[in-house]
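According to Swiss-Prot, the features are:
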{"type": "ACT_SITE", "residues": "His698", "note": "active site, proton donor"}
{"type": "BINDING", "residues": "Arg16, Glu17, Leu18, Lys19, Lys115, Arg519, Cys520, Trp565, Glu609", "note": "5-methyltetrahydropteroyltri-L-glutamate binding site"}
{"type": "BINDING", "residues": "Ile435, Gly436, Ser437, Glu488, Asp603", "note": "L-homocysteine binding site"}
{"type": "BINDING", "residues": "Ile435, Gly436, Ser437, Glu488, Asp603", "note": "L-methionine binding site"}
{"type": "BINDING", "residues": "His645, Cys647, Glu669, Cys730", "note": "Zn(2+) binding site"}
Amino acid sequence: MTTAHILGFPRIGAQRELKFALERYWRDGASADAERALVDTGRALRAEHWRIERDAGLDCVTVGDFAWYDHVLTTLAHVGGLPRRFGFDAHALTLADYFAAARGNAAQPAMEMTKWFDTNYHYLVPEYSPATTFGPGVEWLFDEVREARALGHRAKAALVGPLTLLWLGKARDGLVERLALLPRLVPAYRALLARLREAGVDWVQIDEPIFSLDLPDAWRDAARPTYEALAPGAPKLLVATYFDDASEHAALLKALPVAGLHIDLVRADAQLDAFVADYPADKVLSCGIVDGRNVWRNDLDRSLARLAPVRDALGERLWVATSCSLLHVPVDLAHEPRLDEELKTWLAFAAQKTREVAALRDALVKGRAAVAAEFDDAAAAAAARRTSARIHNPLVKRRVAALTDADARRASTYSVRAAAQRARFGLPLLPTTTIGSFPQTPEIRRARAAFKQGVLDHLGYLEAMREQVRIAIDKQLAYGLDVLVHGEAERNDMVEYFGELLWGFAITSNGWVQSYGSRCVKPPLVYGDVYLPEPMTVGWASYAQSLSAKPVKGMLTGPVTMLQWSFVRDDQPRATTALQIALALRQETLDLEKAGIGMIQIDEPALREGLPLKARERAAYLDWAVRAFGIAASGVADDTQIHTHMCYSEFGDILPSIAALDADVISIETTRSNMELLDAFETFDYPNEIGPGVYDIHSPRVPDADEIERLILLALERIPAQRLWVNPDCGLKTREWRQVDAALAAMVDAAKRVRQKVEEAVPA
């Protein structure tokens, strides 16, 4: 019978139970009681998620998709591959050890973190050296298998595959080629798979999303011998590709000695023919037809029409699935009582998507009539969405159509603007600033909750937030920062805040997804044409500027990041939606400038994240992404300084496009990579000003002035002092004031030391 399954379920819980349990555990100092409570929470969440999968009608539940912090880190823990610098006993690894690798400790900084392919999820980057070894690791996966079996579930295990695990890591300490470690890694996987078979697991899903990339020949060539070594003694293996087209590797994948393949038909529908043609008779083909990365309801009739010929060709060897893990979507639409009812009919979250998968399986096996009510309801929702008047705004469409190339360019070159800005601001060498946000304290959260509950009126809420702005300005003046920010106390999220104020966006109550660790975000829904009805940030920026003679930056989230960190409508090109958002932001920059704000930061942390996985598609993306930023930023005068910020990015392959943004100042995240990201600037002469991060805000660890000074000096080896800024890696929202106070004081101290050294080195 055709099998219905998913590649993974969100791990955080419908009410973010895992987030809160993790934070209690860390807050309580990882005590025995706190660890028991955390373990109990994890067990309860897994049981609930398996119940949802079973009740939806899936043929098996997925185990191994749960992780305490990150599934890549958990896979390393399973195969004994955590970084050697921590000195952990791989087989006796504790939760405290695991979290130390993720978050750092007094002796070692945290592992580097970067984006999971082109998503907004962040994984911890494996560290590989010539001394790296692998072997038996933690028992967590086997514990989960036992839990699932005890609850009566048929369990399919899921693991990050060995090739992907190596690909995602970084070579250190003289290791030339990560693939050189494959002979050490394969035996660890082989032992793990053999134990899963002994535990009664019939199927193991091996995630190899790197087969959606343009792989070097050496990595392609490694696939067959790797799986020839893994298959004997293992359960049936389902090699899963997702996020893009794997058809260029179709012949290779079909020849692997595994029991099945999974392909993503949402992101790459055209690849289906390449796989179905001459598909091996001994393999199942799992078709990812339900979108694991977006929230729009599946057009079941359309999906059925796509799958029916595959069913005719493969029979029961066709499996129906989500395109990728549901990690990237919220848990359950049932927890959205306040969402607009019409909009709600257009949506499906993880729980609903599990049922869509099962409904498609039922229609293939029993006929559409067996699930006619579900199919008819989905068809009605799709028709209503196509014709709804709330989606289309003729004014917005006319404004987008009227855009010219000149609208996306500043009036003057950078050198002309820089002279005007130096004359206006008179900043010192190596100016210090922050990226934007300051700690979201319990006081801020209480005020926001009281306002949302109607306990605090609007004026009371505004005054509470203004008090937080005053605190932020006073603290920055005490640190001695040169350029200030208002702290963003009024913003619960850098995208959601704007989504609440722009037409064409909708905000959920519990549409949370995991970004990393305990960090969750609630992406807005872009359902229609985007329009700015009134200024969004001018009042806050103007008030903050009134408190100091030093410049205060206006803070906006850029059009590409708004797009990347939202669930975006799928009925028009993303480029069109980006231009609509850019036009709204352009009006906001002009309003800020008119109010006297001389520095405006338009954050684009997701620019690199949006880069297509296929090289052939990147130029087109970068063209419209750069144009959208230009539309947002280019209406202002020469002496208005435009900043931008990017994080978690490898920049080398897109530096020309970053330069084309023509921001006067760019800040980037570099601390965890020890300024390695700046290596690209040795061969590319970046023309404008740059602030490489010198303080890792993702770790509770507080650096001292000596450490920051060392990083500034490293940056000066690549960036001229006249164009170098000093700032943290990212916003400080998730940190505590005691950490921020110490770190920023150290940062200013370090900048002053280096400034003095540079000035003393310049001949009078």
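Any Cβ shown, glycine's included, is placed from N, Cα and C.
Secondary structure at Leu18 (5-methyltetrahydropteroyltri-L-glutamate binding site), as computed by DSSP, is helix. In the shown protein chains, 27 other C-beta atoms lie within 10 A of the C-beta of His645 (Zn(2+) binding site).
Here the CA atom of Ile435 (L-homocysteine binding site) lies 10 Å from the CA atom of Glu669 (Zn(2+) binding site).
If you take the CA of Asp603 (L-homocysteine binding site) and look 10 A around it, the binding-site residues you hit from Leu18, Lys115, His645 are His645. Cβ environment of Gly436 (L-homocysteine binding site): Val485, Gly487, Glu488, Met494, Lys553, Met555, Gln601, Asp603, His645, Gly731 lie under 8 Å away, each six or more residues apart in the same chain. Spacing of Cys647 (Zn(2+) binding site) relative to Lys115 (5-methyltetrahydropteroyltri-L-glutamate binding site) is 9 Å (Cα to Cα, whole number).
The candidate set comprises the binding-site residues Leu18, Cys520. Of these, Leu18 has the most other Cβ atoms within 10 Å. In sequence order, Val485, Gln601, Asp603, His645, Ser667, Asn727, Pro728, Asp729, Cys730, Gly731, Leu732 constitute the residues six or more apart from Ile435 (L-homocysteine binding site) in its chain with CB-CB distances below 8 Å. His645 (Zn(2+) binding site) falls within a strand when secondary structure is assigned with DSSP. For Glu488 (L-homocysteine binding site), other Cβ atoms within 10 Å of its Cβ number 25.
Other than the site residues Ile435, Gly436, Ser437, Glu488, Asp603, same-chain residues with C-beta atoms no more than 8 angstroms from the centre of those residues' C-beta atoms, the L-methionine site, are Thr434, Val485, Met494, Met555, Gln601, His645, Cys730, Gly731, Lys733. Straight-line distance linking the Cα atoms of Lys115 (5-methyltetrahydropteroyltri-L-glutamate binding site) and Ser437 (L-homocysteine binding site), rounded to a whole number, equals 21 Å. Ile435 (L-homocysteine binding site) carries neither a helix nor a strand DSSP state and counts as coil.
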